[in-house]
Structures are given as C-alpha cells and as structure tokens.
Amino acid sequence: MATDQLHLLTVLDRAKTQFYHFTAVVIAGMGFFTDSYDLFCISLVTKLLGRIYYTVEGSSRPGTLPPAVAAAVNGVALAGTLAGQLFFGWLGDKLGRKRVYGLTLILMVVCSIASGLSFSSSPTAVITTLCFFRFWLGFGIGGDYPLSATIMAEYSNKKTRGAFIAAVFAMQGFGILAGGTVAIVISLIFKTIFKAPPYSVDAVKSTVPEADYVWRIILMLGSLPALLTYYWRMKMPETPRYTALVANDNKKACADMSKVLNVEIGQNVVNETQSNTNANSNFGFFSKKFLERHGIHLLGTATTWFLIDVAYYSQNLFQKDIFSAVGWLPPAKTMSALEEVFKVAKAQTLIALCGTVPGYWATVLLIDRVGRFFIQVVGFFFMTVFMFAIAIPYHHWTGNHVGFVLMYGLTFFFANFGPNSTTFVVPAEIFPARFRSTCHGISAAAGKAGAIVGAFGFLYAAQSQDPSKTDLGYPPGIGMRNSLIILGIVNVFGLLFSFLVPESKGKSLEEMSKENEVGDREEENQESSRVEQV
C-alpha cells in the first residue's frame, strides 16, 4: 500500500464519531427495517391465507396452506434473498457500493407493493403472484446485506465500527416489532368493524370477505420505510475505502470524505491519484493466495451464518406453530380468521419486544468492548442451553405459558446478543476491500441457505408423530419436541465453527485483511525475531 493511501485510511480510522455516522446508520438501517418487516410479516398472515383460499367445506378445522404452497410462500423470499446476496455482493465490488445501493431499494419498494396485489381471486393466481413478487422482493433485500454492512464498515472508525455495523443490523428488531404491531392494528380494526363468529360456530361466516384486504395491507405497508429513505440513500457518496483501494483515486476519496466527515487530510494526499497498490495484495478471488489468507475465515463466516439461520429462521417463521403446540394460542377452530391474526401477531410482538429487540441493542452497546468472538460464542452457548431447556421438558411448558414465553424469549435474546448479529458484522471487517462485498454476500447467502433448510425442514419435521394430529396434507414428522432438540444440536455446531473466525475488535480493516503493507512487514519482523530467539 502506498504511503498516501495509508495516511488517508489512518485518518478515516482515527476520525471522531460524527453526525454523519449516525445518519448512515439510519439510512442503511431503514433498509434493514424494511428487510425484516418484509421477510417475517409473511408468518403473520399464512394462517389467514389458508383460511381464505384453502378451507374445505364441511371440514372440522379451518383451512391451511397445502405443504407445497406453504413451503413456497415461506421460502421463496429466502431463495430470492440468497440470489440477491450473491449477485449484488459481487456487483458491489465491481461497480462500487453506491451505484447499486439505490437499485436494491427500488426493487424492495416496488415488490412490497406488488406482493399485496393479485391478478384474480383464485387461489392459484393469488399464490403464484404472491410468490413471484416475493422472490424479487427477496432479491432486493439480499443486496442490502453486503452493501449496507460494507458501506457502514468502510465509513466507520476502528473504535466504534462494530457498534455502528451492529446498529444497522439491529434495525431488524424494530422491523419485526413493526410487522407485529401493524398486524395487530390492522386485524383489530377489521375485526371490530366486521364481526365474525368462531369457526366452530359458523365456518363460512368466521372468515369475512374483507379479511382478504388484511394480508394485502400488511404486506404492502412494508414499502413505506424504504421509500422514505430513497432520497438520502442516493445522496450518500461512495465510500472512501472503495475509491482509494479499488478505484485507486485518492483525490476523489478525499473529496468524498470532506463532504460528510470533518477530518484533516494532508495536501500531498489530496493532490495525488494513486495507481500503485501493494503488489503483495494483487491476487484474485479464486487464487491460491486468497485461499491461504482468507479461505479459513470465509469458511468460518459462511458456516456460522448457515447454522445460526437454520435455528433462527425456524424459530421466527414458525413461532405461530410453536405457540399453538404448547397451548399458548387457542385451537384455530375456536377463533375467527381475524381473531387468529390478532392473537398470532400479539404473541410474536411480545417475543420481539422482550427478547429480540433487547438482544440486538445489547450487541450494539457491548460489541466494541467485549469483542465479536465473545458475543458469538456466548450467544451460541446460551441458545443451546435454552433450546434444550424448552425441548427436553417439553410437555411441562404446555401448562406454564409464562415460563415458556420467558425461556423462548431468552433464545431470541441470545440469538441477537450473539451470532445473529456478529455473523453480519464480521464479514464486513476481515476481507480485502476489493472482495469485501463479495465475501459478505457469500457468507450471507450461506446464511439464507440455512434459513431455507430451517424453513422447509421445520415445516415438515415439526408435524406430530400421530397421523391424526398433522396439518392437512402433511405426512407425520418427528414432532415439535424432537425438532427443537435438533435446533439445539445445530447451535452446538455453530459454537464450534465460531473458532474459525478471527477477532476484529479495535483493528483497522486493512490490518484484518492484510492490505496494509506495513502490517505485513511488522508480521515478518516479528516472525524473524521469534526465529532469532529460538
């Protein structure tokens, strides 16, 4: 690395925390607010979709989505997210973070609105339309992961970088909370205006025609927060690290920094456009050099993100089924369609308020004090403990709803004060600038692969072992208790793979990625000293 580049990045690392850092958190964070709202609000309305479009006349139980339809509705956005993470992660390194940042937001806004529309009232047309637009919604959401993390990492100083990246991700908690709150308000308004008896009293009248508007409104409102931040996202300049290290234009990097940060930069740096990068860093993504330097790290970030998402998305997307299984929610036939939406949303909102949101912000407060590795290992450990504490004495919780809510909330707390946050932060810190977005995208895509495994696997596995108690169309599974035990085992493996990921607390991005030539020389000198001592 040339001296002027080193000076420029040192200035950025030592810059005091400023107003723009908080502005960037809000701009990038509102994207994640939208992401989590859109991804998780579907779990609030799947039971309603089953009642509206798949109720069988004369059945003793309300309609539910058939297995293939439920898998598609729950999983198609995750598949789109995986594809978007890989594509936009790569594109962010090729074209720059800023140039593709607005595209992801437009995609999210358009598809949020479109996912609430349909071309007819038939179940096939409605579900097909919903799945089509939710795939592309997920595609846009996927791009937000590597771009937001990378942008925040590359603008932050090294002392508070972890907190700012984690704060962007913590907006997910508010998105989940907002989704539940919106569903509570909308369903409450509709059920107050349009009275309906429970399914067991009158199967037909229990689902009023106006209920079809409820799920559409809930999904479409996800476009608002993203739309409100579009202008500010377009005003953000390219990150100085990308401009200096990838585009090799120090002058523009300095100009961009001066627009948003109050820092002093030497005149010799401002006047020079540098094309002479560190020869020791000129290696490709698929090269042996990359594999030697970063292969283990990429394996660590990808596997831990995969494993946490298997557990996390299983818990999140199927909270309603877990609540019903332990008796926290009454049987579906004792409620009207809108009453069921209201109670499912209330239960999920309570869990988000007590466990999810506090966990995210505990990470923000402590990540730069105790480090990423500590939080990740502790999180996986306690997720394992509380998952087993729910699963092993499973039948005990059917009569102890308060205890169940406490234990279940703690698993969410330690997911978010733990690997769900750190797996997002670390990939943005430990890879070279020209591969940073790509590697974050790969790690995140591995996570979404885990989410898909969790979503589809849990859907079938959690079915009762008694064929008479399974949902309509599902084969018998291994039961809720055994499914939760498997999730606990997944957390154990997550803890073990965490040891492949390096600690980045208090270190510059260039030090972690070894782009800093001085850092390389210091390592060589230290190694020489050790050899001489021996």
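Just so it is clear, glycine is given a Cβ too, placed from its N, Cα and C backbone atoms.
What TrEMBL records for 507-519 is compositional bias 'Basic and acidic residues'.
The feature domain 'Major facilitator superfamily (MFS) profile' is assigned by TrEMBL to 24-506. Confidence in the domain 'Major facilitator superfamily (MFS) profile' (24-506), given as mean pLDDT, stands at 88.
Here TrEMBL flags 507-534 as region 'Disordered'.
For 20-45 (among others), the entry in TrEMBL reads transmembrane segment.
Among the features that TrEMBL reports, transmembrane segment is placed at 65-88 (among others).
Taken from TrEMBL, the feature transmembrane segment applies to 100-119 (among others).
Annotation source TrEMBL lists transmembrane segment at 125-143 (among others).
The annotation transmembrane segment is assigned in TrEMBL to 164-193 (among others).
Residues annotated as transmembrane segment in TrEMBL: 213-232 (among others). Remote same-chain partners of the transmembrane segment (213-232), defined as residues 6 or more beyond its termini with a Cβ less than 8 Å from a stretch Cβ, comprise 23, 26-27, 30-31, 33-34, 37-38, 41-42, 44-45, 48-49, 52, 102, 105-106, 108-110, 112-113, 115-117, 175, 179, 182-183, 186-187, 190, 338, 341.
Beyond its flanks by at least six residues, the transmembrane segment (296-314) meets 78, 376, 380, 383, 387, 415, 418-420, 423-424, 426-427, 430-431, 439, 442-444, 446-451, 453-455, 457-458, 483, 487, 490-491, 493-494, 497-502 of its own chain at Cβ-Cβ distances under 8 Å. Feature annotation from TrEMBL assigns transmembrane segment to 296-314 (among others).
Beyond the transmembrane segment (347-367), the same-chain residues lying 6 or more positions past its ends with a Cβ under 8 Å from any Cβ of the stretch are 43-44, 162-163, 166-167, 169-170, 172-174, 176-177, 180-181, 184, 319-320, 323, 328-329, 375, 405, 408-418, 420-422, 425, 505. Summarising the annotation, TrEMBL assigns transmembrane segment to 347-367 (among others).
Taken from TrEMBL, the feature transmembrane segment applies to 374-395 (among others).
The list of residues near the transmembrane segment (401-418) in space but at least 6 beyond its ends in sequence, with Cβ under 8 angstroms from a Cβ of it, reads 170, 173, 308, 311-312, 315, 322, 326-328, 350-352, 354-360, 362-363, 366, 375-376, 378-380, 382-383, 386-387, 389-390. Annotation source TrEMBL lists transmembrane segment at 401-418 (among others).
If you look up TrEMBL, you'll see 439-462 (among others) marked as transmembrane segment.
Residues annotated as transmembrane segment in TrEMBL: 482-502 (among others).
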